[in-house]
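Per TrEMBL, the features are:
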- Arg125, 148-151, 214-216, Gln220, 267-270, Arg450, 461-462: substrate binding site (BINDING)
- Glu144, Asn146, Glu368: Mg(2+) binding site (BINDING)
- Glu144, Lys305, 364-373, Tyr375, 398-401, Glu425, Lys452, Asp458: ATP binding site (BINDING)
- 204-302: domain 'Glutathione synthase substrate-binding' (DOMAIN)
Amino acid sequence: MAAPWRDVVRDAAAVREAAAVAVDAALLAGVLMRTGEQPNASDVVNYAPFTLLPSAVPRALFEQAYAVQQDFNLLVDAISQNKEFLEQTLASTIKVDDFTARLFRIYMQVLEEGLAQTVFLGINRSDYMFDCGLDGTAALRQIEINTIAASFGGLTSRTADVHRLVLKVLGKTEEASNLLPNNPAKGLALGLAKAWELYGSQRAVVMFLVEDTQRNIFDQRCIENELWNRNIRVIRRRFRDVFEQGSLDGSRRLYMDGQEVAVVYYREGYVPQTYNQQNWEARLLLERSRAVKCPDIATQLAGTKKVQQELSRPGTLEKLLPGRPEAIARIRATFAGLYSLDEGEEGDRIAATAIADPDRFVLKPQREGGGNNLYGEELRQVLEKIKDSPERTSYILMDKIKPQPALNYLLRAHSPLQVSECISELGIFGVYVRQGQELVLNQAAGHLLRTKAIEHADGGVAAGVAVLDTPYLV
Ligand code: ADP
Ligand code: MG
């Protein structure tokens, strides 16, 4: 891949000056995070970590990622309505993975009762890396699709302005003018507002379901403020608040301390550690309600790694999206090799291959949020240990994507300024709204580029590994 900043990246004086400007610009623009020491107070805050320089992204791959987003929205929505597919696909996983099993139980329970919800809102983010082939050409490869609590749409709406200024400081005025505008905060708020409107009660609120520890609150505030701009009331509550204060009326309208809730936007609820017995009860209450859940539990299950792996099986996409061969071709073109570790010959064979050559693969459990995958020697050891036990079924295997690294500086509070070899991951936000069977909104809503030093195999921005970036199309 082209390295557009070759002339300045090693110029220590220029870099130092630009970094000082960059940090202040980030603070002014609101690219912010609370501190690890005081995650629930805004008295002292930091800038969210970001790259000094925008990273080169091949224009064709960037456009390919945007062009397939509406297809992925359709696909996720279709999976979420396909009980037979979810049941079959997750059957082996829920035998060994407690967390997925509990989500699945709630899913079945609300289906048995009959859905009160009639409006559906999906906000997802499809993540990609650029796989570098032997001939040096790069290909777009999907890492995963996040169907719950996909974050950084807010902060990344403000990073392009920072990078534009940095490029100007470095004498790259023309390149600065090439940076694309990007506003996922607005796009996601549009979806939330549409769902709120279709729910049809002026007095009802949008509830952000948030974590106990809220370091990334500014990212959420960007979206909240877009809703307030549209005169839609927003409240922030935790699962514990829902357990203590939440209730349903006779037609399963959801109330939180007296206020009717039109939309529940989960920014929490995707890791097992969130849930004690009370929080599981709160989750069930929310799922049973008429409120628009973003996502509903079926859509959360559609985002599991096991579902991702099954999608890559020949014929699966054709069953899920009948009559849409072009969409299927666009989707399939982004898939990396994905392999089932279910019990049987197929699983035995791929497990043996991965043990023999672990650097070709990534071993993934059914978890979200970064830092859960296994690589290299660790992958080999774990797979060796579980290869003859049903526990193997709780993982999937994926081809490891190998992007071409580029030099950049990762700006992080209290860290020295030093050049790093970096790789990037591009995310495209998708938003869609369905009323009954009618899709009333289906859009790509902006992008997120995250960059990390190559010594880290795993982990996102919240995990402290990757930083925010802006694509520079080449
Ligand atoms: P999570 O749900 O924890 O975010 P991901 O599948 O996104 O799980 O993996 C986390 C990180 O691990 C990614 O952001 C990426 O940096 C790295 N990663 C995941 N899959 C691959 C892969 N196939 N090849 C290379 N790196 C990967
Ligand atoms: Mg991820």
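For all residues, glycine too, the Cβ spot is worked out from N, Cα and C.
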Count, for each of the binding-site residues Tyr270, Tyr375, the other C-beta atoms lying within 10 angstroms of its own C-beta, and report the residue with the smallest count.
Tyr375
Just the number: how many Å between the Cα atoms of Lys452 (ATP binding site) and Val461 (substrate binding site)?
9
With the Cβ atom as the reference point and anything under 6 Å counting, tell me which of the binding-site residues (Glu144, Arg215, Gln220, Glu368, Lys400, Val461) are near ligand 1.
Glu144, Glu368, Lys400
Check the binding-site residues Glu144, Arg215, Val461 for any whose Cβ is under 6 angstroms from an atom of ligand 2, and report them in sequence order.
Glu144
Measuring Cα to Cα, tell me the gap between Gly371 (ATP binding site) and Arg125 (substrate binding site) in whole angstrom.
18
Whose Cβ, among the binding-site residues Pro365, Gly371, has more other Cβ atoms within 10 Å than any of the rest?
Pro365
Between the Cα atoms of Asn146 (Mg(2+) binding site) and Arg125 (substrate binding site), what distance do you get, rounded to the nearest Å?
5
Can you tell me which binding-site residues out of Arg215, Glu268, Tyr375, Lys400 are within 10 A of Glu144 (Mg(2+) binding site) by Cα, answering none if there aren't any?
none
